[in-house]
Amino acid sequence: MEFIPTQTFYNRRYQPRPWTPRPTIQVIRPRPRPQRQAGQLAQLISAVNKLTMRAVPQQKPRKNRKNKKQKQKQQAPQNNTNQKKQPPKKKPAQKKKKPGRRERMCMKIENDCIFEVKHEGKVTGYACLVGDKVMKPAHVKGTIDNADLAKLAFKRSSKYDLECAQIPVHMKSDASKFTHEKPEGYYNWHHGAVQYSGGRFTIPTGAGKPGDSGRPIFDNKGRVVAIVLGGANEGARTALSVVTWNKDIVTKITPEGAEEWSLAIPVMCLLANTTFPCSQPPCIPCCYEKEPEETLRMLEDNVMRPGYYQLLQASLTCSPHRQRRSTKDNFNVYKATRPYLAHCPDCGEGHSCHSPVALERIRNEATDGTLKIQVSLQIGIGTDDSHDWTKLRYMDNHIPADAGRAGLFVRTSAPCTITGTMGHFILARCPKGETLTVGFTDSRKISHSCTHPFHHDPPVIGREKFHSRPQHGKELPCSTYVQSNAATAEEIEVHMPPDTPDRTLLSQQSGNVKITVNSQTVRYKCNCGGSNEGLITTDKVINNCKVDQCHAAVTNHKKWQYNSPLVPRNAELGDRKGKIHIPFPLANVTCMVPKARNPTVTYGKNQVIMLLYPDHPTLLSYRSMGEEPNYQEEWVTHKKEVVLTVPTEGLEVTWGNNEPYKYWPQLSANGTAHGHPHEIILYYYELYPTMTVVVVSVASFILLSMVGMAVGMCMCARRRCITPYELTPGATVPFLLSLICCIRTAKAATYQEAAVYLWNEQQPLFWLQALIPLAALIVLCNCLRLLPCCCKTLAFLSRNEHRCPHCERVRTRNSDPEHGGSTV
């Protein structure tokens, strides 16, 4: 909330008028008309006085256009006779366009509420008084051009790119109001109208420029709506980067490609205790082509300054006119450098040497397997310092020589593919190997090479070992060296090369020593009775001396060379050095990788059978989705059948670069949860055996206990009911009581007596007694028929507590465990 101003005061200029009651309507009587003739006479007298008292303006004589045309025709033949042509007349300077209504309104408000921010006397931006706060863009360097505001302690917010502080009390009347209401339409700022639409502020391209950072945007009531930070060119219009307010919330609107609009502060460099803008070096030395050695000295003196690369670019571009940018500009820095000879451990014949193609550094940080190799020769530059893609230059003794780029090669265990070259750097894709060799063939068909021990094993992108990028597949994040020769943040150090001894420059001629320079600068020193040394560019003869008494070395301080640890330094120059940018930056990109063919899947009991068809070595991995993943993986190179067990928690299988496959077991059992009691017990027993046995046992115990109690109570009641009748001799029990208590109403005869009685009295009933065994047989058969059902119901008592091996089935449906599927 510190960056939200509050309106604790009111500005007089933009306050609405106070409300007043409407005046009552009064009837005004018409005035009496004056006499018409008197009024006309007074008007006539005043008009005559004006005409007589006003001075008559002097009329300029009217020019005769015809005479003017005739004079021009007469002068035309006279001008043709003159041999010298008159220079064309300069066009009169166009008058500055007057500011419009919106500009005038903003300027009137800005006179009090904005202040310039200056750095070393130059305006870099503005600070604005809004509400009760002073707001200034954080990227604008300098101090506010006001003694009171410059003393304030500002709070900085990098999120909103803003700095703010409380306004001094005596300046609150100069501040502007602010508002968070922003209906779509047109607003005002210093350069005219600002359109607000779709949550963006836009202006016509060219209306804003660097130096406008911090200017406010006003609505038609003079309230601040936003503060400008920068802009992004979008063709006909420019989108503004602003800080605004949305109901007590600070919001920063930054369009894509927005640039800060603070005025650029020139970076200063040093030359002979004199400072100058790095982008505008002084005339001596001002150009590398005119004063190469002095220019390199100036660059070495400013190598640690922030504007070094501006000075380098300005020194190498001698033309004062603006030049069109091209790819050749990136090679321009190499005209101040040269290739060199460096030590190589293996020059191709099993011995070391000073090779023109020595390996300095091999980088393999890219995850796509690309190598970035730095060598001592330079590719893409000719010996005349011109850019040529088809050439490379190398150091042949002391002189750079040209060779064709087509003869350049890189190899490990097999030849590599060169994907990019520039300067000292080569990009290559190489197969697996233990050594790296770089070489070339010169114009004399002589091969030069250098071999270094280097273990190279290209990393695998994704989960498949493919050999070439597919046209279709899957994109995975990776890193590579971008094939761009533009300047990057990486840099290498360069220095003046040391003097190179060369004994071939000395020759003996009848007691004298002749030094042949061969168009070079040679430093010599001879000890022939006295000290004889110097620096020469032409041939020289040393009298009365021998070759063994002289030393000659080629010196060249007009070019830099790479600061290699394999080359000795120039002891006279100490630690003086320069810097140049290098190409091919490492960047995060996406790589296209293939996707393996989907496997053929067969579902079984608690398992999945997968038939795999790899086109190249493909990784198969699987894990459990429980607490213990038990991760397993293997590379599959040929057709293979894999059987995987599906645990209860689920199984995740990943084949190649495809999305993971997920499987879950489907629980099922015999019986049904909504059937007969024995089916219900069987269903739950197979799913939850322990709990089912406990529940059935407790229920059976309770049921048997209740049945036993009921039988006991019935027996007690029966005994109480029949006891009185048993104690009474010859008592007759009532029929209802005998029916309930299952007792005879009276003492009955024995079976023999009853049978005699039936035989004598009711013979049909006597013979019906023979059907009793038949009825018993029928009842027994029915009981035997229902016995299997009873046994199946009670079978759970003899089963183990583990689940049925057939109770689990596997199902899958779009890797969704909640989605239903048919049991397999």
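The chain as shown is numbered from 1 upward.
Each Cβ is built from the backbone N, Cα and C atoms, and glycine gets one as well.
Secondary structure at His139 (active site, charge relay system), taken from DSSP and collapsed to helix, strand or coil, is coil. Summarising the annotation, Swiss-Prot assigns active site, charge relay system to His139 (among others) and lists sequence analysis as the type of evidence.
If you look up Swiss-Prot, you'll see Asp161 (among others) marked as active site, charge relay system. In sequence order, Pro137, Ala138, His139, Leu229, Val243, Lys252, Glu260 are the residues near Asp161 (active site, charge relay system), counting only same-chain partners six or more apart with C-beta under 8 A. DSSP assigns Asp161 (active site, charge relay system) to coil, not to a helix or a strand.
Annotation comment: Swiss-Prot describes Ser213 (among others) as active site, charge relay system. Ser213 (active site, charge relay system) is surrounded by 27 other CB atoms, counting those within 10 A of its CB over all protein chains shown. DSSP assigns Ser213 (active site, charge relay system) to coil, not to a helix or a strand.
If you look up Swiss-Prot, you'll see 22-44 (among others) marked as compositional bias 'Low complexity'.
What Swiss-Prot lists as compositional bias 'Basic residues' is 60-72 (among others).
If you look up Swiss-Prot, you'll see 73-85 (among others) marked as compositional bias 'Low complexity'.
Taken from Swiss-Prot, the feature compositional bias 'Basic residues' covers 86-101 (among others).
Counted within 10 Å of its Cβ, the other Cβ atoms near Cys128 (disulfide bond) come to 23, all protein chains included. The feature disulfide bond is assigned by Swiss-Prot to Cys113-Cys128, with similarity to another entry given as support.
For the domain 'Peptidase S3' (113-261), the number of residues in each DSSP class (helix H, G, I; strand E, B; coil) is 11 helix, 76 strand, 62 coil. The feature domain 'Peptidase S3' is assigned by Swiss-Prot to 113-261, with sequence analysis given as support.
Taken from Swiss-Prot, the feature N-linked glycosylation site covers Asn273 (among others). For Asn273 (N-linked glycosylation site), no same-chain residue lying six or more positions away in sequence has a CB closer than 8 A to its CB.
Taking Cβ-Cβ distances under 8 Å and a sequence separation of 6 or more, the neighbours of Asn588 (N-linked glycosylation site) in its chain are Pro477, Cys478, Ser479. Under the heading N-linked glycosylation site, Swiss-Prot lists Asn588 (among others).
Asn670 (N-linked glycosylation site): 12 other CB atoms within 10 A of its CB, across all protein chains. The N-linked glycosylation site annotation in Swiss-Prot covers Asn670 (among others).
Taken from Swiss-Prot, the feature region 'Disordered' covers 1-104.
The feature region 'Host transcription inhibition' is assigned by Swiss-Prot to 36-68, with similarity to another entry given as support. In the predicted model, the region 'Host transcription inhibition' (36-68) has a mean pLDDT of 57.
Annotation comment: Swiss-Prot describes 84-114 as region 'Binding to the viral RNA'.
Among the features that Swiss-Prot reports, region 'Ribosome-binding' is placed at 91-100 (among others).
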Over all shown protein chains, what is the count of other CB atoms within 10 A of the CB belonging to His139 (active site, charge relay system)? 18
Sequence gap of 6 or more, C-beta under 8 Å: which same-chain residues meet both conditions with respect to Cys113 (disulfide bond)? Cys128, Leu129, Val130, Asp174, Ala175, Ser176, Pro216, Val224
If one takes Cβ-Cβ under 8 Å and requires six or more residues beyond its ends, the residues near the region 'Transient transmembrane before p62-6K protein processing' (721-741) are none
Rounded distance in angstrom between the Cα atoms of Ser213 (active site, charge relay system) and Asn670 (N-linked glycosylation site): 79
DSSP helix, strand and coil counts for the topological domain 'Cytoplasmic' (714-748)? 21 helix, 0 strand, 14 coil
